[in-house]
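Here is the structure we will look at.
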Amino acid sequence: MAEIKTLAVVGSGQMGSGIAQLGAMYGLDVWLVDTDSDALLRATNSISSSIQRFVSKSHLSQAAGSDALRRIKCTANLEDLHSADVIIEAIVESENVKKKLFSELDKIAKASAILASNTSSISITRLASATSRPRQVIGMHFMNPPPIMKLVEIVRGADTSEETFSATKALAERFGKIVICSQDYSGFIVNRILMPMINEAFFTLYTGVATKEDIDTGMKLGTNHPMGPLELADFIGLDVCLSIMRVLHVGLGDNKYAPCPLLVQYVDAGRLGRKRGIGVYDYRKVSEPVKPSPRL
Ligand SMILES: NC(=O)c1ccc[n+]([C@@H]2O[C@H](COP(=O)([O-])OP(=O)(O)OC[C@H]3O[C@@H](n4cnc5c(N)ncnc54)[C@H](O)[C@@H]3O)[C@@H](O)[C@H]2O)c1
């Protein structure tokens, strides 16, 4: 495949903004697309602060940081992606919405372009079936947050070509990532293992076995996880966790993957985790300054 010069990222939420940042930091011209203009504004601010942190820790020079910011162009118009060499989709975790997008991208993107999905669990083969180029469709699953986390899980659909796989692997390695490769079965490697653990943590809370704090402390100190499973669920987004559990449940056909009713209820209530200020934990609380007790 020809050299990759232009990257497009569709969806400018927590994952899309981080992937766009990586592309720009590693010298690519980047289009960042979202249907929500507020999301694009939030993404620009978060990319700018993240790059500033890299600069302040001397991981990036000020000039390289400014250059990276200049390389990112935001748009709401998919037509702008006609010149992109690789398009990475990072929109909502819904098969129907993603398929519709892949079908639109297939019509807009140049013939040689690779269409990648950052999906956490949805079948790459089925996303590819919405396009006329299944050989050029692949899963490129970054971890959260993309500029920091070392892993990229690459998922080959039933028809993904060797050339597409090699180009995608080379791109991930250019971003300084370690690549693992999964066959296209629900949840791939990481979420096949992680999400049932998170779901079980919700069942542990739901059935009153322990408090959320004790569940998280148990897993942090007892098994050396850097974050407890409930804390991690809030970080990922409870809506994302629920979507993945539903994909595992339907895709693998086993009731052991049925989402915990408490996880479903939190999502119904809009408690989506850190991004909404409340999930399992409440992040909105401003700690009250301790007032000195009056001396009478
Ligand atoms: N959150 C995580 O930890 C994590 C980790 C790895 C992969 N993922 C996957 O990445 C994807 C995005 O997750 P996220 O956490 O960034 O979600 P998010 O909710 O933070 O962002 C999604 C963005 O997509 C935009 N969007 C929705 N439909 C669109 C469309 N048709 N066209 C353009 N933009 C559209 C929304 O406006 C929103 O800004 C999902 O597939 C998710 O499973 C998430």
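Any Cβ shown, glycine's included, is placed from N, Cα and C.
Residues annotated as domain '3-hydroxyacyl-CoA dehydrogenase NAD binding' in TrEMBL: 7-184. Taken from TrEMBL, the feature NAD(+) binding site applies to Gly11, Ser12, Gly13, Gln14, Met15, Gly16, Asp34, Glu93, Lys98, Ser120, Asn144, Lys275. Annotation comment: TrEMBL describes Ser50, Lys57, Ser120 as CoA binding site. Positions annotated as site 'Important for catalytic activity' by TrEMBL: His141. Look at TrEMBL and you will find 187-283 tagged as domain '3-hydroxyacyl-CoA dehydrogenase C-terminal'.
TrEMBL feature annotations superimposed on the structure.
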residue : record                                  : DSSP class
Gly11   : NAD(+) binding site                     : coil
Asp34   : NAD(+) binding site                     : coil
Ser50   : CoA binding site                        : helix
Lys57   : CoA binding site                        : coil
Lys98   : NAD(+) binding site                     : helix
Ser120  : CoA binding site                        : coil
His141  : site 'Important for catalytic activity' : strand
Consider only the binding-site residues Ser50, Lys57, Lys98: which of them have a Cβ under 6 Å from an atom of ligand 1? Write none if no residue does.
-> none
Relative to the Cα of His141 (site 'Important for catalytic activity'), which of the binding-site residues Gly11, Gly13, Asp34, Ser50, Lys57, Lys98 have a Cα no more than 10 Å away?
-> none
Given the recorded positions Lys57, Lys98, His141, the candidate whose Cβ has the fewest other Cβ atoms within 10 Å is Lys57
For Lys57 (CoA binding site), the close binding-site residues (Cα within 10 Å) drawn from Gly11, Met15, Asn144 turn out to be none
What span in Å does the NAD(+) site cover, taken as the longest CA to CA distance among Gly11, Ser12, Gly13, Gln14, Met15, Gly16, Asp34, Glu93, Lys98, Ser120, Asn144, Lys275?
-> 21
Other Cβ atoms within 10 Å is the metric here; tell me which of the binding-site residues Gly11, Gly13 scores highest.
-> Gly11
Average the per-residue pLDDT over the domain '3-hydroxyacyl-CoA dehydrogenase C-terminal' (187-283) and send me the rounded value.
-> 97
Enter the number of other CB atoms within 10 angstroms of the CB of Asp34 (NAD(+) binding site).
-> 23
Per DSSP, what is the residue count of the domain '3-hydroxyacyl-CoA dehydrogenase C-terminal' (187-283) in each of helix, strand and coil?
-> 66 helix, 3 strand, 28 coil
Of Ser50, Ser120, Asn144, which of the binding-site residues has the most Cβ neighbours inside 10 Å?
-> Ser120
